[in-house]
Amino acid sequence: MKTTNNENLDHEENQSIQNKEIKKQNIFLKFLKSELSGWNAFEILLLVISTALILTLGIIAKDKAISILAGITGTIAVILGAKGKISAFIVGATNSVLYIILLLQGSLFSSIILHAAFYIPMNIIGFGLWFRKRDNKGDVMSRFLSWPAMIVIYVSLIVVWIAYSFLLIEFTDAKSVWLDSFILIGSAMAIILMIFRYVDQWTLWLLTNLMCLIMWSVILADIENSSFERSTVIIFIIQWGSSLINSFYGFWNWIRLNKNSKKYEIKVLSKEDYDKLSKSKKIAYNLDKFFTKK
């Protein structure tokens, strides 16, 4: 009898383990299905053309594999972001690692800091925040900034950009200072707006992608005095050109997502409920009310 009971327990334990494994597989398959679904002709065309150009150029020029991979992952990440897909953070973090390795060849200090100390941690945080704020189709629930919040963000962008540029000029021998510093500050603000699902992020992405395109074009024009290979620079010009086009599309698509998906709503709390919140939750609640358009 004791043996039978032990066998039953072993059977139940094995069954429980199998059920957990099946559940994990189902979650992964559901995630994969949501990320691969909903692609339209424009998105596929932009992805295929950009990837094909980068891959072809890299092979013809016998460029380093890491340069080609960095260009391709960057293109995929921005298109996934425009679609409101959570996998944008996974691909984006991978792209940052590859990009850092390449930037170490030059003196683009701001861009190295941006990717190492900001992009990678923010991609991890963004993945977690987006995972909890998706609709039943797997798309992100987007929202708009309030007018006071927009004023605060753009004034802060200009002030910090100018101040940081002068610091770089004074204490480093960094190249393309004004462009490089704008890319750092603008991208930092854009990714913060991205992880909190604000449509307005695309205005900043448009500006930073334009600056990236100009910066790499300037490097190409003076390639003889650059530590980068010509083919590597051209790959990044293609990537940032694709990203610039994608910024316009991302803006439009996120507005469409906001109209067609479940709306993000700030729960209005009574004074009694508000008083029950911890200090940190009160701060988060008040910031949410200030920054989000009602």
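Backbone N, Cα and C atoms are what each Cβ position is placed from, and that goes for glycine too.
For 39-59 (among others), the entry in TrEMBL reads transmembrane segment. Here the transmembrane segment (39-59) has Cβ contacts under 8 Å with residues 65, 67-68, 71-72, 75-76, 79, 82-83, 231, 234-235, 238-239, 242, 245-246, 249 of the same chain, all six or more residues outside its ends.
Residues or ranges marked as transmembrane segment in TrEMBL: 65-82 (among others).
Taken from TrEMBL, the feature transmembrane segment covers 89-106 (among others). Under 8 Å from some Cβ of the transmembrane segment (89-106) lie the Cβ atoms of residues 66-67, 69-70, 73-74, 76-77, 80-81, 112, 115-116, 119-120, 123-124, 126-127, 130, 175, 219, 226-228, 232, all in the same chain and six or more residues away from its ends.
Taken from TrEMBL, the feature transmembrane segment applies to 112-132 (among others).
Positions annotated as transmembrane segment by TrEMBL: 144-164 (among others). Cβ atoms under 8 Å from those of the transmembrane segment (144-164) belong to residues 110, 181-182, 184-186, 189, 193, 198-200, 204, 258, 290-294 of the same chain, restricted to positions at least 6 beyond its ends.
Long-range neighbours of the transmembrane segment (176-196) within the same chain, counting only residues 6 or more positions beyond its ends whose Cβ lies under 8 Å from a Cβ of the stretch, are 81, 108-111, 113-114, 118-119, 122, 125-126, 129-130, 145, 153, 156-157, 160-161, 164-165, 168-169, 204-205, 207-208, 211-212, 214-215, 218-219, 291. The transmembrane segment annotation in TrEMBL covers 176-196 (among others).
Annotation comment: TrEMBL describes 203-221 (among others) as transmembrane segment. Cβ atoms under 8 Å from those of the transmembrane segment (203-221) belong to residues 78, 106, 157, 176, 179-180, 182-183, 186-187, 189-190, 193, 228, 230, 233-234, 236-237, 240-241, 243-244, 246-248, 250-251 of the same chain, restricted to positions at least 6 beyond its ends.
According to TrEMBL, the transmembrane segment annotation covers 233-255 (among others). Tertiary proximity for the transmembrane segment (233-255) is limited to same-chain residues at least six positions away from its ends with a CB under 8 Å from its CB atoms, namely 42-43, 46, 50, 53-54, 57-58, 61, 63, 67-68, 70-71, 74-75, 78-79, 81-84, 142, 199, 202-203, 205-206, 209-210, 212-213, 216-217, 219-220, 223, 226.
Sequence-distant contacts of the transmembrane segment (65-82) (same chain, six or more residues past either end, CB-CB distance under 8 Å): 35, 43, 46-47, 50-51, 54-55, 58-59, 88, 91-92, 94-95, 98-99, 101-102, 194, 205, 229, 231-232, 235-236, 238-239, 242-243, 246-247, 249-250, 253-254.
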